[in-house]
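Engineer: A single structure is presented below for examination.
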Amino acid sequence: PARMGLRALALLLAGALLHTQASPSARSFQLDYEHNCFLKDGVPFRYVSGSIHYARVPRPAWRDRLLKMYMSGLSAVQVYVPWNYHETLPGVYDFTGNRDVEAFLDLTAELGFLVILRPGPYICAEWEMGGLPAWLLWKPDIILRTSNPAYLAAVDSWLHILLPKIKPRLYHQGGNIISVQVENEYGSYYACDYGYLRHLLGSFRALLGSEVLLFTTDSTRAEELRCGTLQGLYATVDFGPGSNVTEAFGAQRRVEPKGPLVNSEYYTGWLDYWGEAHASTSAAWVARGLEDVLQLGASINMQVSPFLQLTSLPWPGADYKDQYKPVTTSYDYDAPLSEAGDPTEKLFAIRTVISKFQPLPVGPMPPATPKYAYGWVALRKVSACLEGCAAPAWHCSAAQHPSLSLQYADLLDVLDVLCPSGPIQSQFPLTFEALKQVYGFVVYHTQLPWDVPDPATLGAPPHSICDRGYVMLQKEYQGTLERDGQTTLNVTGRAGDTLDILLENMGRISFGANTSDFKGLLGNLSVNSRPLSNWLIYPLAIDTAVQQGWLHAALPKSSSGGRVGPAFYTGTFETPGIAWDTFVKFPGWSKGLLWINGFNLGRYWTCRGPQQTLFVPGSVLHVGRPNNITVLELEGAPSPALLLFLDRPLYNRTLGCSTTAAV
């Protein structure tokens with residue numbers, strides 16, 4: 001009888017335990033090392049996830065993109081939090097509007113998603129400096145992603161702001177965040193600083209508690225797994241289609257002999273770099289690799305995935321692979337869900353594979369977003385169509401009006417608007433970081449101290465142009481100096497002639513051996529090896545000038561185009577009663593930036609490619625009143641200066657910069 005009583009008691013306790021694990025008051029998400037799986041509320045579980053960057057999706061489109069992800073069969077989303085997007089200056093935080101990460105997380109919960117959170121502090125994500133704030137480099141001796149005290153102090157300050165917002169949303173607290181990644185692919189970084197990882201582990205545990213699942217992600221290379229993993233952080237791997245799945249997970253097993261198999265970054269596409277062909281990965285290849293992973297019972301997150309959206313300056317980053325390689329403005333690298341939110345063949349192939357392993361949500365996939373080809377727009381403040389044009393004011397052909405005018409101003413003529421605080425005097429050039437200029441552009445101004453009657457070499461020391469310098473002598477454009485490219489120009493002039501170099505930050509390195517990527521003139525310029533001095537340096541606040549409308553008031557000149565050198569062009573256009581998504585093409589333009597209604601839509605570089613259009617979300621357009629357009633063209637505008645609004649993007653057009661792009 002006593003033995004029976006003990007058996008009955010054991011059954012009662014087991015039943016009570018199962019009830020506790022399944023009840024909402026005792027939610028749990030844990031590792032099961034015995035059965036090599038996750039346990040969600042005590043039940044074996046695996047997730048199929050996709051990455052989404054709320055910072056790259058206009059807030060009005062958050063729900064649409066998430067709903068399409070949900071209908072594709074995903075059970076979870078992986079969410080990046082870029083530190084520099086929220087702490088824009090030391091101690092200055094922004095969680096409003098598109099940066100309202102709490103609102104985004106609440107929306108994922110409303111739509112039924114679990115969340116895998118990637119709060120960094122470094123996230124990569126092809127994002128400016130991998131999400132690390134550029135103001136960290138204001139301390140020249142700082143060593144990023146290490147146990148350096150200055151770096152750790154900044155990290156701790158940030159985590160004490162961010163993680164308390166996260167803690168109430170953890171799964172065991174009643175939220176939907178099932179796991180949190182610590183750092184990102186740290187094994188690929190040169191430092192291999194275990195003290196740094198231990199510090200992060202302690203900070204995350206102190207702020208989030210002992211129950212949340214913390215993990216790392218690294219490639220399958222043994223050396224990277226050695227430096228990127230730490231006891232107390234569950235180690236996962238990343239690999240793409242075409243990999244031998246058994247071998248890839250074998251690498252994970254060498255550092256995690258037990259526990260669930262996890263691919264935290266399954267690549268459904270790859271990166272686009274300026275000057276290289278548009279990336280393309282076949283739907284069949286992606287689907288086959290996904291099925292191989294799921295057949296092993298593994299969990300997976302799809303990266304560069306169905307769910308990524310436009311990016312705007314200053315956020316695109318760069319890789320360093322033997323040379324500096326800036327990434328394009330668009331983050332649509334042949335994604336299953338396009339930049340404009342359109343389901344693609346690849347998305348449906350992924351959905352079909354998922355359906356073999358778990359039920360799909362009931363209902364149809366939401367349709368593609370509506371788009372409109374608004375047609376030709378001339379950059380001028382008055383109507384683009386003159387007398388005799390039958391088309392509406394927003395749709396005009398260049399052939400009908402070859403002499404359409406526009407408003408423009410040379411950049412050097414509006415420095416008082418772009419730099420209202422005035423220049424900084426320095427004997428030698430100063431970096432962006434020394435100037436506390438985080439992003440954008442800086443003008444370096446001096447004078448020739450002697451006559452240069454014969455062509456002389458204007459040059460810079462190796463690796464000191466970061467990243468592109470547009471050279472003007474007596475306000476006449478001479479050419480461009482470029483990082484890892486052309487670093488000399490021939491010039492002539494007289495003593496006292498003005499010399500101006502407009503320096504452009506093309507994006508700090510987000511992946512590579514070193515993320516300490518200083519910008520500007522890192523060394524002095526010289527003429528025939530004789531150094532120049534006595535610089536006036538103008539940090540430019542172009543975004544502010546555009547958003548405040550100062551440039552529209554400061555552009556007095558009229559031109560039919562054909563200008564060379566850095567200049568602003570402005571104009572307006574009206575939509576025909578609708579504000580739908582659209583794409584802007586720049587026929588005949590060279591390189592520059594576009595703003596519509598003060599919204600920075602990013603960088604175009606039509607002569608370098610592969611990206612030929614910029615995505616314009618309908619949410620930034622006005623209906624019933626003019627839309628203000630501002631273009632900063634850096635090298636040379638066409639004549640006439642026209643933009644073409646299309647209903648589709650154009651890629652894969654890598655051209656020579658001396659070639660005029662065809663319409």
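Cβ coordinates are placed from backbone N, Cα and C, and glycine is handled just like the others.
Straight from TrEMBL, here's the annotation block:
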type: ACT_SITE; residues: GLU185; note: active site, proton donor
type: ACT_SITE; residues: GLU265; note: active site, nucleophile
type: DOMAIN; residues: 38-356; note: domain 'Glycoside hydrolase 35 catalytic'
type: DOMAIN; residues: 429-540; note: domain 'Beta-galactosidase 1-like first all-beta'
type: DOMAIN; residues: 566-624; note: domain 'Beta-galactosidase galactose-binding'
type: SIGNAL; residues: 1-22; note: signal peptide
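Help me see these features in their spatial surroundings.
Structural biologist: Its own atom aside, the Cβ of GLU185 (active site, proton donor) has 21 Cβ atoms within 10 angstroms in the protein chains shown.
Cβ-based neighbour count (10 Å, all protein chains) for GLU265 (active site, nucleophile) stands at 23.
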Engineer: Residue counts in helix (H, G, I), strand (E, B) and coil for the domain 'Beta-galactosidase 1-like first all-beta' (429-540), per DSSP?
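Structural biologist: Tallied per class, the domain 'Beta-galactosidase 1-like first all-beta' (429-540) gives 4 helix, 58 strand, 50 coil.
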Engineer: Measuring Cα to Cα, how many Å separate GLU185 (active site, proton donor) from GLU265 (active site, nucleophile)?
Structural biologist: 10
Engineer: Mind looking up the mean pLDDT for the domain 'Beta-galactosidase 1-like first all-beta' (429-540) in the predicted model?
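Structural biologist: Over the domain 'Beta-galactosidase 1-like first all-beta' (429-540), the predicted model scores a mean pLDDT of 95.
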